[in-house]
Structure formats: C-alpha cells, structure tokens
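Novice: First, the structure itself, so that you have it in front of you.
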Amino acid sequence: MGRRARDRRRQQQRAEPGGGGGDRAGWAGGYPEIVKENELFERYYRELGIVPAGEWGPFMAALREPLPATLRITGYRSHAKEILHTLKEKYFKELQDLEVDGQKVEMPQSLSWYPEELAWHTNLSRKILRKSPQLEKFHQFLVSETECGNISRQEAVSMIPPLLLNVNPHHKILDMCAAPGSKTAQLIEMLHADMNVPFPEGFVIANDVDNKRCYLLVHQAKRLNSPCIMVVNHDASSIPNLQIDVNGRKEILFYDRILCDVPCSGDGTMRKNIDVWKKWTTQNSLQLHGLQLRIATRGVEQLAEGGRMVYSTCSLNPIENEAVIASLLEKSQGALELADVSSELPGLKRMPGITSWKVMLKDGQWFEEWKDVPSNRQTQIRPTMFPVKDEEKLKAMNLERCLRILPHHQNTGGFFVAVLIKKSPMPWNKRPPKVHQKLPQRTGHTEVTAANSDNGSECIAEEPSLAENEESKKMQELQNSDTEKSKKEGVCGPPPSKKMKLFGFKEDPFVFLPEDDPLFLPIQKFYALDPAFPKMNLLTRTQEGKKRQLYMVSKELRNVLLNNSEKMKVINTGIKVWSRNSDGEQFGCAFRLAQEGIYTLYPFIHARIVNVCIEDVKILLTEENPFLSKFSSETQKKVKDMAMGSIVLKYEPDSEKPDDLQCPIVLCGWQGKTSLRAFVPKNERLHYLRMMGVEVFKAKRKEEESENKTEEVERRLAQTEEGMDVEDKDHDLVTKMEAEIGEESPCTPVESSAMEVENKIEDLDQSSKNINSHVNQESKDTDMGNVKD
C-alpha cells in the first residue's frame, strides 16, 4: 500500500503546475523547503524577555543559520595530545590556504571554554567536504577516529553538563537519560583520568527508556573500552533503587554524581532540527513539564548527601527549566541548593536564570498565576509551572545561578543547565530505608540473569509520601485512583510504586566465573598473570556449552550486578578481554587476547610481551601476515624461543627521537611458525598509522580493491571463531541509526580473527527484533519533543 500511495502522489505532483515533470525542475517536489518562521515562538519569547534588550535581531538571525559541526578529542586516552598535534600540524595546516569554488575555506576553531583545546568547531558542510581531496582526507580522518573512540562528534552546548558535574575517578555516577551517549562518553573519560589505574573505583550506570536507543548507547560507550560502564533500560522517572553489598550487608546505592538531561521540546536545537520551526507550540512544554519534574525528583532521591546533580535541557523555555528547578527546591524544604558555577568554565558566555515568567497556551492565552487558570484548563496547566510568589522564598532559591546559553553569543545551540547540591535527605526520606540484610555466602558458579520482558519486578520505592498542600493532596488522590492521569497533570514528589515494564530484546545472562573454574588456570599460566589479577570480575554471556568470550567488569560493577539482577534490565556491561581460539588449544591456551580489553589487561600480564620498534609497528599494521624475517633483529630474537600463540606487542616511545610517535601503544598479536601478525580493528589500525605519519588515505582505497583476495582467509576464520558480542547482535541496527559514522565496516578480513567474523544471518535477525521492539509509554508521550544531542 505504501508504494501505491507514493506512485499516486508522484502522479498528482506531475499533474500540478510546477510539479516535478519534464525538465525535473523541483526535483524534490512534494518536499518544500521549511520556512524558518514561527510567529507564536517570537511572540512568546519576546514577552518573556529571556533575550537581552537590543539582541533580538542577532538572536533570531543565529537561529536561522546552520549549526557549526563540533568535535571533541577524548581526554582520557594517553595519545589524546598526539591526536590534537596531528589535527593542528597536518590537517588544519592543509586547510589554511585552501579554496573551494573560489571561496577560502574557514579554519576550524577551538572552543575557548573547553579545557586543553580538546573541543573544536567548524562550518565545513558535507557538501564542501566532498569537493576537495584535502577536505575528503580530513573527513575520512574524522570518520575513522570517531569509530575508534578517539574523537566524538558532539554539539558544543551538550559538552557543558558533564564538565559541571566535576567528576572524580572514585565517583558513582548515574546518567538518567543517556542515549545517544555523547555525554556518557565524557563521564567515562573523566573516570579514567589516570590511565595507570585500569580499574577506577567509580562507575557509570547509563540508563535510557528506549530499548532501541540503548543499543546506540552501547555502541558509543564500547568505543572507549571501559570496564566501568553499565547500560540499563528503565523509565527514568521510576528507576529502581539499587542495592550493594557493604561488608556483608545490603545497603541502598546512592550516587555521588547524577546527570539528568531530560527529554524536552528542543527549541534550542532549531539550527539543526529545522522541523521544530513548524511544529513548535507552547503545548509541547506544558506536556513535558510533569515528566521532567518526576525524573528530576527521582534523581535527587537517589543522590548521596553532598552529591551533585546537573539538570539540563536543550530548550529555552522556563516552563521546562526554572519552573522545574523552583518546584524541586520548594518541595525539598532546604535539602537542595543551587550551586554557584559562575567561576567554572571561564570563556563560556551565559545568561543567568530568570525569576519571573508567565504561562501561555497554544492559542496565545496568557496566565500569570495559578488562580487565574479556569477549571477546564487545569489539566493542561499545573501549579508547579508558575514562579514562586513569596519574595523571600524566591530570593533564597537563587534561580539566577542557573545557566541559559543563547545561540547568538558563541554560535551554538540553545541550552539550559542547573547544578544542584544535596545537603540532606529529602523531606519524605528523612529516615533511611531498612534494607540491612545478611547476605548468603556465594560459592561456586554465580549467575546474574539480565531482566527481560517476561519477568518484570517491583521497583523499590520505600520513601513515604511527600506532605503537600490542599491542591497537592487532591492530586495525590487522583494519582492513587488513576496513575496515568496524574502523570499528565505533573504530580511531583516521590514516584509511585509500579510494576517495572520491560520491552525489547531478551538479553543473555551475565555469568561470573567461580574461583575454582578450570578454564582460568591455563590462561593464568600461559600469560603469567599477576597474583593481584581480579579473576572474580571475569564473566561470560552463556550458561551452557563452551565459553567463547570472557569479559571483565570492575569490582564495584560486579557488586551491583550480583545484588540487583531481579530488578534491573541490563543491556550491556564489561569489556571483552579474551576470545576462544581453537588453534590455541594445541599451544597450551585456548584463549587469545582481545584488543578491546588489552589496555585493561596489560598491567597484569608478565609473559609473552614483545617490545617492538616503530618500524616493526608499521609492518604489523600495514601487512596482512608478515614473515618474521621482515622485522628487526631484536624482535626476531625475542620471539625465536617463544611458543606459538597469542602475544602482546608493546611500543615504547623514545624521548631522544622527538619526531617519532611519543605515546605508548599496546597491540594484540599472534606468533606463528614463520610469521607475526597484529589483531587490530581496521579503524584503530589506521589511527595508529596516522599518528606515525603514514599516509593511509590511498592505502585505504587499495585495501578495499583487494578485499576479494582475502575471502578464503575470512572463511577459515569464520569456521574457527563464531562468538558474538551484544554489540555484534545489534551491529546492523546501530549502523542504520548512526548515519554519520556508518560509512565503513569497522573490520577487514586482515584482522577479523581479532574482532570475530559475525554470523550475519543472526545479526539481521536480532536487529529486526530490536527494531520491532515495543517502546514504553514514556517515549510515546514525549515523541513530539524528545530532542537530545
């Protein structure tokens, strides 16, 4: 029916004057250009006065201009400085005097307020990028480095909330509405500020309500190869309290830092989401206010005393911003305060929060106070949407400490940020919940089953109801009788107890290896693992049959997994550290090292390490299976008496050779009888070559032309290794969702044995399941406005 309807539409367009016939004028017939005008939008924001006097013209002009592309260099990798050096000294220099179609190309600029020049913005469009070989090389560099996780494409204003969280490596962090994951990636980087510590004490739990977006979140987080990230799938407004084992007793987990980047109407994103121009009405904000308030309330309930929560939206509307914060502060009765962050991020131009605003319906009718709202409008407009009238209370709230970013000030999108500090328990939670419970001794095989759509469980909500005024009491009665109705009316306070609704793909279990598992002993002996190696943190994703992959999580995430399997839907956690290799069994160890987890494993490995020079690294990364005779004499001597099998290849920079690469590299390799090869994903391999000054743009094309010659190698590897990761299952889905990144397959046959040749049929099958999975009511309610970076 869809095809027939399209055919009829095309016939109608050809028949209409000016249609897409004949000379194909109006090639995009039926899709007229969106007019960037909205009278109601201008009327609303002019009246509220959020834009300083005399700046309305530049403000609107900026909204009509395309948003500059921005990128961020990941800050926790030891070679972040090398990437920055390559960008500035090679790619940016090539653009200095470049002209395209008679116009000089505008140079990328660093964001003045982002630390250490690790964030940049550019006005280069995709159309321009394809018009020049130099620009195409720059574009390929960005695509490849993004796949490796060394560069993240992220809107400038979206980088602000994680910076204001002031994360330290020991912090327990909750990202409540995390997808697609750019802010989550920043949080992971901050945990790994010291790369000499493979397992930071802190962790990130990244949540999203949309099952499909959770897999995109996994894809983003996996590029950073951290054992300290867990992706879960819950409604943020009722995300369950988690428990952890503290000296044999169960205690509620409270987070040191919470990022609360809530779904919003997204009118700050008009520069990149031009549909907002025609769809914007005040109704969007009125419908989202209640949801935003419930999510923020749930966040502060789970925040530890002294902890910091950042509330943010990509909206300029005070109904979604100051109104939510004011209501939260009022109901907290002094338990919360707004932090003064005026001295943080110097160079960032910001406007203070406002203390007075009005509410407008989509028909243009204004209301200044709740008492003015007629009864037939009281389901659309709620008391929490209005500013506090008590002058003393209003002054004590310090709403001016909120930040509003206006697009014309620094050529960005619009954004709002508020930083909250929790000084004491919330008034409805003064007495901590009693969960003290002796834990049974865990022995033998320990399994944690991921929650799935077949076994929902009760969310913990121990907090007593919040004392409210008469209006709130009436709303509470409605809430008890009709939960859905109260959701729409924006009831604040602790979220109600409700059955946890879970949808989407049924995840494999997380099975931790027991202490006496015979699988581990050959691995420990083969690689001479340090006695301090945390083997209890190893897990698999299968209950029966051979274990094909071994993953690792941090001790703290293991604690969370073991104590919350029945109430939490875990999508993914852990990094792959070993993969089964049938050929390896004859050499004493059936498991080879995985590049994904090598930087975590390396500090514990004391055998099978080969130090190589930079010329050896180039050979390893440019040739498929080079003979030992091609390597330096030192390397040949080191591997001569070494048994065949998986090895570690380590490059240490030489300070006396400043022109060489000045950051260490650790690669997984395989020593054969007469050859030595590296098992490294394609984009990571290209990354290292670029860092060493090797031109890879032409080599990349030659490689694509020669792929047919390696089909036999791929077939052989596919027979020996058939394991799949969770991210393998949803690879096709992620590729479709992330159009900017999905320009190339991440692996070539050369290193496919390091990344496992996926079972394509199963991939498509599982992707289909994910795409067709049901999304819960929250995502439906916010479909019109859930705009996030």
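Cβ atoms are placed via backbone N, Cα and C, with glycine included.
Okay, so TrEMBL annotates it like this:
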type: ACT_SITE; residues: C314; note: active site, nucleophile
type: BINDING; residues: C177, A178, A179, P180, G181, S182, K183, D208, D235, D261; note: S-adenosyl-L-methionine binding site
type: COMPBIAS; residues: 1-12; note: compositional bias 'Basic residues'
type: COMPBIAS; residues: 17-28; note: compositional bias 'Gly residues'
type: COMPBIAS; residues: 470-490; note: compositional bias 'Basic and acidic residues'
type: COMPBIAS; residues: 701-719; note: compositional bias 'Basic and acidic residues'
type: COMPBIAS; residues: 726-739; note: compositional bias 'Basic and acidic residues'
type: COMPBIAS; residues: 767-776; note: compositional bias 'Polar residues'
type: COMPBIAS; residues: 777-789; note: compositional bias 'Basic and acidic residues'
type: DOMAIN; residues: 59-423; note: domain 'SAM-dependent MTase RsmB/NOP-type'
type: REGION; residues: 1-28; note: region 'Disordered'
type: REGION; residues: 427-493; note: region 'Disordered'
type: REGION; residues: 701-789; note: region 'Disordered'
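So that I understand the layout, could you describe where these features sit and how close they are to other parts?
Specialist: Neighbour count (other Cβ atoms within 10 Å of the Cβ, all protein chains): 27 for A179 (S-adenosyl-L-methionine binding site).
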Novice: Near G181 (S-adenosyl-L-methionine binding site), which residues of its chain come within a Cβ-Cβ distance under 8 Å, counting only those 6 or more away in sequence?
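Specialist: Residues satisfying the criterion: A206, L216, L217, H219, Q220, A221.
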Novice: Within 10 Å of the Cβ of D235 (S-adenosyl-L-methionine binding site), how many other Cβ atoms are there?
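Specialist: I count 24 other Cβ atoms within 10 Å of it.
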Novice: By a simple count, how many Cβ atoms lie within 10 Å of the Cβ of C314 (active site, nucleophile), its own Cβ left out?
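Specialist: Cβ-Cβ neighbours of C314 (active site, nucleophile) within 10 Å number 28.
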Novice: Looking only at C-alpha atoms, tell me how far K183 (S-adenosyl-L-methionine binding site) is from C314 (active site, nucleophile), rounded to the nearest Å.
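Specialist: So the alpha carbons of K183 (S-adenosyl-L-methionine binding site) and C314 (active site, nucleophile) sit roughly 13 Å from each other.
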Novice: What whole-number value in Å do you get for the largest C-alpha pair distance within C177, A178, A179, P180, G181, S182, K183, D208, D235, D261, the residues recorded as binding S-adenosyl-L-methionine?
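Specialist: Max span of the S-adenosyl-L-methionine binding residues, Cα based, is 20 Å.
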Novice: Tally every other Cβ atom lying within 10 Å of the Cβ atom of C177 (S-adenosyl-L-methionine binding site).
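Specialist: Its Cβ shell of radius 10 Å holds 27 other Cβ atoms.
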Novice: Please report the distance from the Cα of C314 (active site, nucleophile) to the Cα of C177 (S-adenosyl-L-methionine binding site), rounded to the nearest angstrom.
Specialist: 13
